[in-house]
Each structure stands twice: as C-alpha cells, then as structure tokens.
Amino acid sequence: MSEHASQSTLNRFFHAPLKEVDAEVATILNEELTRQQDGIELIASENMASFAVMEAQGSVLTNKYAEGLPGKRYYGGCVDVDRVENLAIDRLKKIFGAEFANVQPHSGANANQAAFMALAKPGDTVLGLSLAAGGHLTHGAAPNYSGKWFNSVQYGVRAEDGLIDYDQMEALAREHKPKIIVAGSSAYPRVIDFARFRKIADEVGAYLMVDMAHFAGLVAAGLYPNPVPMADITTSTTHKTLRGPRGGIILTNNPDLAKKVNSAVFPGLQGGPLMHVIAGKAVAFGEALSDEFKAYQKRVLANARALADELQNRGFDIVTGGTDSHLILVDLRPKKVTGKLAEAILERAGITANKNAIPFDPEKPFVTSGIRLGSPAATARGFGEAEFREVGRMIDEVLTAALEEDNAEAVTARVHEEVKALCRRFPIYDRASA
C-alpha cells in the first residue's frame, strides 16, 4: 500500500463537485433551491443573501482557525483572515457610525449573550420587552439563559393600540433599578423611541442595550432611527434586513465596554470565529454601503406598507394599524383562523409565513392568533408594491377559502399556480451553491 494518496483520490477530494461526492445532500440542496425559486418568502427574519456573499461563505476560509482578534491571534497563518476581519469591522463601523465593532458572534443570540456578559453579572436585573408583546427570547424570556441567569423584569405594549407602553417601562425601571434595559423586538412593527429609553436608563443608572436585528438594514439606509449613538451596546444579526450571511455583530462607542465585549465573545462564549462567515459579512457590509442597498431598503419599507394596506382593506386586523419597518403582525381573529392553521394553509399555496402570538393572545404559543409577515426576501428578488398587493389578495383568498370545506382545496391549488407564475417573473439563483 502506497504511503501517499493516489492522484485520482486527491483530484476528487480537491475538485469533485458536491453532486459527484454526495448526491443525497446535493439533491436536498436542489430541492430547497426549487422551493425558494417557486415560493414567496414572507418570514420577516429571513432574506436572500447575494451570490457573492454565499461564494465568500463557501470559501477556503472555512479551513482556518483564528482564535483571538486581528493582530492578536493564538494561531499562526492569520495574515489573510486578519485582513478580511478588519475589512468587515471597518465597513460595519462606517455603516452605523460606531467607534468599535465585533463581527465574530456566530448568531444574534450569541451577540446578545455576550452583551449581557459585558454589562451585568448573573443575578442582576434586566428589563426587556416580553415575548408575548413582541420581544425576543434573549431579552429575558423564562426558557432562555437571559431569564434563567438574570432577574428578568418585562414591560409590554398597550392594549388599546399595541404600541410599547413606555409609561410602564419607566415605572418598572424606577421600581426595579435594572442593570440593563433592553430595547428591541422580534415582532414589533413600529419605530422605537430610543431617546426615551436613554433618558430612563440614565435616570436609574442602567445600561441601555439595543437589539436592532430586525431593522438594522433600514437603519443602514437612514430609514429607521440609528440606536448606536444612544445605546451603550447595540447588537444585531447580519442575515435579516442586512441581507448577509447568518451571524451576529456587536457595536459600541465606549472603549471600556468594547474591551469587555471582545472578552465576552472570546474566550467567554466562543472559541474560533467562523472566518468564512466573517468574509461573507464583509461582502454584505460592502453591499450595505452602496446606493443600490439604500434603494432596496426603501422598497422593503414601501412593500411592507403596501401589503399591510392591502390586507387591512380586505378585513384583516393589522396590529398597531400598520408598520414603520419591514414587518407586519396580523391578528387573524376577524378571519376566524389561527396562526398555526394559516401558516400550514399558506405553505400549501407556496407562501411561507410564520405563526406568531399577538399582544394579549388568548391562544397557546404553538397555536397563536396571528401571523408575522415580512417584505425583505420577496423584495430582494424584485417584487414591488403591485406584486405585494397581489400577495395580499392571494393570502386573503386562501385563508377565506379555508373555512369553506368544498372550495378550499381548489382555491389553494389555483393560488399555488399563481404564486409559481409570479415567482418565475422574478427569478433568483440558478444553482444551489457557489
């Protein structure tokens, strides 16, 4: 037996495409590509990354370990990964006007956990928007580390209009004197008053942390208030409205907090950063600095408002009465259908959405009375306001027919064909991977 691998073995290892090496995985990827090509994606937390972002993410950088920060690594051979990480950092700081940035968090949840570690100790009090009112798990929800490691106090929204109850938030802050006040959400469609959060944080001696995961792209385009100048720490994902690879980021203008953040990310939470993902982030941040990206975000906002208006005109109850962002929360009770059922029916018609609790929801969390809709992904493929109004019509027809046993299947099948025809007018990737 030769001590060396054969040349044919090496050629296959370094050059053979996925379909030759693993047909089973290749088939799954191609079927997912078909699903994305032929379906309308309305999940507000999803988007479509550019092919350039995916190419960077599927690069040789996946081979490289790089624990530490640029210029201060625990491994050799980091000259090129240092360059790409510094590029990502510099671009990110330019986008949001931040003094310091960490691009290493593997996810938004990791970014939030690192921010909590930098700002507080286990047992400290944290004040965040409740999950039931549109907050995120990582903002103090009981099942999450943020609700287990910290004394979590939750504010909510007003029953009469679904808007954040700032008076309640301020009263709770004065009563509990939290170490951190969290502003941000996963299902809140309106602009957040960061100045009011900053004022009460200063009054009670709290840090202000803003999670802008959902609206970061709109901030980058100047269409949503920038929280970075007012927050002690700002976190975000990179794959929602920022339209990049899946991952997280942390921003601050405070040099002392920057050091704490860096230590919290590594060695506090993570080992080696995912350098191939950081390369994808660098590409996405470069795109976010372009005029095209700003125009895209304007369409994201206009399209969300068009969809909300169309659904409202068709008898749907839009929580808060509209949207200031990419996101719409729909109360389905006037249509007498649950979020769980609506999600399943829409998926059969080629429209992907997610069931979502509405404020003061009487249904269980896995059933819900609402659905959450978002415009980023369909806007990325080219849909405009007219197409989003068509989507609103399709949603109405399918969900209305769902209550008519004799007609539901035929309507769903017809709308599914309309969905595929609409999607073919706005094609996306022609292959599943770079």
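Every residue, even glycine, has its Cβ placed from backbone N, Cα and C.
Record features, source Swiss-Prot:
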- Leu131, Gly135, His136, Leu137: (6S)-5,6,7,8-tetrahydrofolate binding site (BINDING)
- Lys240: N6-(pyridoxal phosphate)lysine (MOD_RES)
- His239: site 'Plays an important role in substrate specificity' (SITE)
* To do: For each of the binding-site residues (Leu131, Leu137), count the other CB atoms lying within 10 A of its CB, then report the residue with the highest count.
  => Leu131
* Asked: Can you check what DSSP calls Leu137 ((6S)-5,6,7,8-tetrahydrofolate binding site), collapsed to helix, strand or coil?
  -> helix
* Compute the C-alpha separation of Leu131 ((6S)-5,6,7,8-tetrahydrofolate binding site) from Lys240 (N6-(pyridoxal phosphate)lysine), stating it in Å without decimals. => 19
* Structure fact -> Neighbouring CB atoms within 10 angstroms of the CB of Lys240 (N6-(pyridoxal phosphate)lysine), all protein chains considered, total 27
* Taking the center of the Cβ atoms of Leu131, Gly135, His136, Leu137 at the recorded (6S)-5,6,7,8-tetrahydrofolate site, which other residues in this chain have a Cβ no more than 8 Å from that point? -> Gly128, Leu129, Ser130, Gly134, Thr138, His139, Gly140, Ala141, Asn144, Ser185, Ser186
* Reduced to three states, what secondary structure does DSSP give Lys240 (N6-(pyridoxal phosphate)lysine)? -> coil
* Between Lys240 (N6-(pyridoxal phosphate)lysine) and His136 ((6S)-5,6,7,8-tetrahydrofolate binding site), find the distance joining the two CA atoms and give it rounded to the nearest Å. => 14
* According to DSSP, does Leu131 ((6S)-5,6,7,8-tetrahydrofolate binding site) fall in a helix, a strand, or coil? -> helix
* To do: Could you round the CA separation between His136 ((6S)-5,6,7,8-tetrahydrofolate binding site) and His239 (site 'Plays an important role in substrate specificity') to a whole angstrom and send it over?
  => 16
* To do: Report the same-chain neighbours of His239 (site 'Plays an important role in substrate specificity'): residues 6+ apart in sequence with Cβ closer than 8 Å to its Cβ, ordered by sequence.
  => Glu46, Asn47, Ala49, Pro245, Arg246, Gly247
